[in-house]
């Protein structure tokens, strides 16, 4: 298959103020009794985007998806799809289809009938239905399983049937609720890439709900990190990882070390923070005033470990001792105990690790990082 | 448990239902079938031949030779039995359908009810069993008779101007059967509906089905095993029902259970009543076995 990398790299409609969002949540609130599942949420999703809603269970991501599908109605606010307010349209009249977490395959129908279900419901001519079903079976590579019943399929095959069924009607938007949740790790990784290819091939808008950050990072063009019914940050996977806007996002996505301290000086986008073990000098566009408390987030792989002191040991550097070593095959995780007693997590690729004389337990080391290696958190 | 121990245990577990069937179904059936091949006699028991261990081999062979299918021929020749069978089947069919029509919405409602409420609803369905069946059927007489509660009520609100004659008609039998067997229909349908994954309905709606279509295309087909089980649990006892037609039905109502009772008690003709029972069993068992075979084949084809 032709590489889709180029299309993907140049796809950034959210950065273009001229482009019109395809799906818009405008001040959407959903309450279940006293519980607010979605809280005054505003969010734009663009045509052909692979969009992920990421968050812990109970953060409102599934409710948001179910509102898009039509199973829940917003308590207040508008949901616009392709220029039309869909809040009052029942699920069976919406041009969106959903792939359910449980797959929800009809147990009394064969694979073929499952896929044809939506088409038959629409009264499509028979010849056209069988053509479309054959096409879908081919797409998910299940041609020889057409006559099977769902209970005679493996988990991975069922997932494909569910996918084929939700794609058969060529929806404007495909909603995926934890699409890979029930698969084992290996299959999940393969399927992630298949889903991405499929989405590009078909040119559809995908909205996926997941609690698995790796899944979201791999597949999505943009991720909305949600917490307590609100979107905390919407950005590309790289931005979310490299420049989390809050402690919550930094903590939720990947591993992070957070250094707390007081702002010593701030001018022209340069900030100096005094924390227990480090004097942090970094870049920040957030307005910080001297004396206010600040938190600096840095990823484990951005911390350098060395036996010799860095060029300027007074800034962005501290001594420490190796506290714990975890060997993960492709990389090694080192926990370093700093003079204040704080333990920071660092990781290094084993390709870069000294094989002859690796850093060992209790060894005194220097921990240092570059000015651009981390971010100052906003809250 | 040791390997041998668990193998023995497994055997035992399988033996229990077979032993039950053997002692409480197969052996009694053989006894009834044997009586149906006998001839009536003024004796105790009222038929010949009576087998006994004292006969010896020759004596037993002689007695076997006396057995005949005359009683079955008799059943075929007398229109009374033929009509009674047909009328029983008709009454059972109609009342099974009526029970289904009433039970399905009840079961559906129960399955849709909040989880915390379901045990209570289940309890309410089973509650009538706590009163004797006979008393419950008797109380229907008080309700249905011309000067009964139902007529008093309808007269009072002015819907009718003279009492309806319900008691001693087939309608009373239908009411009696539907009322008595309703739980047997509700419970299997409820259990089929209750374990259904609600996301299937959502999936059907998502794919374009309005709620009513989703019901007919997904919910109902998936509840069919419950419907079949319920129908059998109602139909089979209803065909042979004796108490309800006897108490609520009229003299002109002909049902096989009543015919059997008359043959057995009033006419003291054990062989003919045994033949009636044997034929009744065949009428019920043959279609069920046939149906289950079809079902098994359909399941097989799915693989």
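Keep in mind that glycine also has a Cβ here, set from the backbone N, Cα and C atoms.
TrEMBL annotations:
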type: DOMAIN; residues: B:85-291; note: domain 'ABC transmembrane type-1'
type: TRANSMEM; residues: B:12-37; note: transmembrane segment
type: TRANSMEM; residues: B:91-109; note: transmembrane segment
type: TRANSMEM; residues: B:121-143; note: transmembrane segment
type: TRANSMEM; residues: B:171-193; note: transmembrane segment
type: TRANSMEM; residues: B:214-239; note: transmembrane segment
type: TRANSMEM; residues: B:270-291; note: transmembrane segment
Where, among B:12-37, B:121-143, B:171-193, B:214-239, B:270-291, do we find the most CB pairs under 8 A to the transmembrane segment (B:91-109)?
B:171-193
For the transmembrane segment (B:214-239), name the stretch out of B:12-37, B:121-143, B:171-193 with the most CB-CB pairs under 8 Å.
B:171-193
Per the Cβ filter (under 8 Å) with a sequence gap of at least 6 from its ends, the transmembrane segment (B:121-143) is approached by 106, 109-110, 113, 149-150, 167, 172, 175-176, 179-180, 182-183, 186-187, 190, 243-244, 247-248
Is the transmembrane segment (B:270-291) packed against any residues at least 6 beyond its ends, judged by a Cβ distance under 8 Å, and which are they?
29, 32-33, 35-40, 45-47, 71-72, 74-75, 81, 85, 89, 232, 236, 239-240, 256, 259-260, 263-264
